[in-house]
Amino acid sequence: MKGRIELGDVTPHNIKQLKRLNQVIFPVSYNDKFYKDVLEVGELAKLAYFNDIAVGAVCCRVDHSQNQKRLYIMTLGCLAPYRRLGIGTKMLNHVLNICEKDGTFDNIYLHVQISNESAIDFYQKFGFEIIETKKNYYKRIEPADAHVLQKSLRSPCAPPAGELQKAD
């Protein structure tokens, strides 16, 4: 299947499309606050189009936890018939490029259901590592446990941004 993959903004006009995609793709449902917040994150939320058909989406938020600036991937998914066509790669690269351009993120992370081997493989190809497993992370789905996958965006020897010493 040859096709054109494009990313587009999430707007009040197409947020229902995002909602429908998420309902089909993910085993968990997201509340209205999730969608309200998604409209505020700008480039961190994108719909993915395959030949002008909305087939997937990525939604992230900035998270300040563990004394770090982290990017959290809330959702990244694509309808089953359109998988393995490079759409997920395009969405993840979009997010990684934002982090790279910004230059102040310590890492990027997400939760993946422990049984979702294809997602785990996908993220590991991009240098994500399983850093912990959260018991009973999900409600009402089995298995309820989630792996936390994380990709470090700084070399361990680099000082955190804003702490670079100025030469006199």
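One-based numbering along the chain as shown.
Backbone N, Cα and C define each Cβ position, glycine as well.
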Region 'Substrate' range according to Swiss-Prot, out of 105-108, 137-140, 161-164: 137-140
Under 8 Å by Cβ from M74 (substrate binding site), same chain, sequence gap 6 or more: F34, C59, C60, R61, L110
When distances run from the Cα of F122 (CoA binding site) to each of the recorded positions Y72, C78, Y82, R84, H111, the nearest one: R84
Cα distance (Å, whole number) from L76 (acetyl-CoA binding site) to N116 (CoA binding site): 13
DSSP-derived structure type at A80 (acetyl-CoA binding site), helix or strand or else coil: helix
